[in-house]
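Peer 1: After the structure tokens below, expect a handful of questions from me.
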């Protein structure tokens, strides 16, 4: 599938701007106290990944307890006026928060920087803007756009990853398991299962799906977003959609609702770049000499209602098919 122009354009500009702001931008970790070398070999008499046994080294999905203080780093190129700002600290609350590493609970740069640190170590983690708060900053805490951050962290404890069978079965990541997903998963692992019996035991509200709350197996430490979090995500998506429309309108100099090659090329020149023939061909798939808004955004944000209606229809269909019996039992002949 052809990537939409929006993503091609943003990828090109982000690479250019990141290089312009900091050509060596990447997460930089410096351990200044405590161990720098460690491994997760189990202690004598303990089994590997015993839930009561702390790990020595941070690995993806491990549960890390840490104290932290975050600043706008003195080296920041963007938002120079806030350089040195103390943004927040766990010490102010007196509690070391814990979370699974690498699951998006924190900014990408912190997720990345924690991997490999040892228990009882102290380190600084320098996070470039594109792995931190990005072009929008975090204005509610005084952080402006394109700010480089510095985390001062102390690794208090590390627990093994919590098994998560729910995530393995929930193929589309919508926080509920359909019969189709369950059948596909159990067939893949070579395990026979009676889906009618499983749904009878776990689909408490009878909607044809097993939600995260209803699931009785191992489901890790990551919970579905709260209602407030979903509302924040919706507001963020709406704001992002408005920004995309503004971007398109700014490039559309003559206001005819479509971008010509000249208009798109002008935008590149403003950033000291040249638009290639290959980029234009990717941007104008129908070859009519213009890029419409639909071509600009591709499938991003389109057809939301249609997708929701289809999901409800599929759920109803799966429920009806399930009631007919027969094909909802995976036997060894199907595996």
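For all residues, glycine too, the Cβ spot is worked out from N, Cα and C.
Curation does not apply to TrEMBL; its annotations are automatic.
Keep in mind the model is a prediction, meaning the values are calculated, not measured.
The following feature annotations were taken from TrEMBL:
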| type | residues | note |
| --- | --- | --- |
| COMPBIAS | 306-320 | compositional bias 'Basic and acidic residues' |
| DOMAIN | 61-159 | domain 'PPIase FKBP-type' |
| DOMAIN | 166-192 | domain 'EF-hand' |
| DOMAIN | 195-225 | domain 'EF-hand' |
| DOMAIN | 239-274 | domain 'EF-hand' |
| DOMAIN | 277-306 | domain 'EF-hand' |
| REGION | 217-238 | region 'Disordered' |
| REGION | 279-335 | region 'Disordered' |
| SIGNAL | 1-20 | signal peptide |
Peer 1: Report the mean pLDDT of the predicted model across the domain 'EF-hand' (277-306), rounded to a whole number.
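Peer 2: Result for the domain 'EF-hand' (277-306): average pLDDT 71.
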Peer 1: Could you break down the residues of the domain 'EF-hand' (195-225) into DSSP helix, strand and coil, giving a count for each?
Peer 2: 8 helix, 3 strand, 20 coil
